[in-house]
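One structure below.
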Amino acid sequence: MTSIELAESGAGRPRLHAVAAEHEPADTPAPSVDLDRASAAIAELLAAFGRDIRSPHLADTPRRVAGAFAELLSPRPFEATTFPNEEGYDDLVVVSGIPFDSLCEHHLLPFTGTAHVGYVPGDRLLGLSKFARVVERFARDLQVQERLTRQVARWIDTELQPLGVGVVLEAEHLCMSLRGVQARGARTVTSSFTGVLRDDGRTRREFLARCGLRDTE
Ligand SMILES: [Zn+2]
């Protein structure tokens, strides 16, 4: 399996939590979907590829494809349940091996993989099941992996104001494995660290070790 290390977004760039929260909105509403318009466009696409859209198998395909894309681009709403950190827990919390599916915005082909998320809490804790929902919130969109990684880290940073956040995404992109270079099995790894996970090598290495990964430094 080939491993491709991409940019460690944010590494070495000092930034203040308050500034980041003010200038980088953590979340925006999902755009609305016009299913009839999408179906008509997919029928047109099939016709452009010389397909007979009146054939029994293709007759409902535009509607099915529009529905499938709508599902892939619509995250389920969720409550970001947080709790007071009454015990003063100040060590790493790691949720690793979160599966995710997203759509590459350059080719409209899926990329699928695994997310690892960790943070060192401040005053608030996030319900553990919510980490998968946060990943899904941003994965169900037209994406590039680098942005998805940053959005998950930024959301946690903004919502929880923790001492640090680490997010690592490993994914296979169908636009790379099925077409173009046809690098089947190639894995793209992206990461985003803030606070103590960015500044303290020992904490970052512990996070990566708990995810079954190694620091490149
Ligand atoms: Zn692509």
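The backbone N, Cα and C atoms fix where each Cβ goes, and this holds for glycine too.
No curator has checked TrEMBL annotations; they are predicted automatically.
Predicted, not measured: the structure shown is a model, and the values here were computed from it.
As recorded in TrEMBL, the features of this protein are as follows:
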type	residues	note
BINDING	CYS104, HIS107, CYS175	Zn(2+) binding site
DOMAIN	39-210	domain 'GTP cyclohydrolase I'
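Overlay of TrEMBL annotations on the structure.
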{"residue": "CYS104", "record": "Zn(2+) binding site", "CB count, 10 Å": "18"}
{"residue": "HIS107", "record": "Zn(2+) binding site", "CB count, 10 Å": "15"}
{"residue": "CYS175", "record": "Zn(2+) binding site", "CB count, 10 Å": "15"}
Note = Three-class DSSP assignment, CYS175 (Zn(2+) binding site), comes back as helix
Key: Check: same-chain CB within 8 A of Zn(2+) site center, minus CYS104, HIS107, CYS175   = LEU103, GLU105, HIS106, LEU108, LEU109, PHE111, HIS173, LEU174, MET176
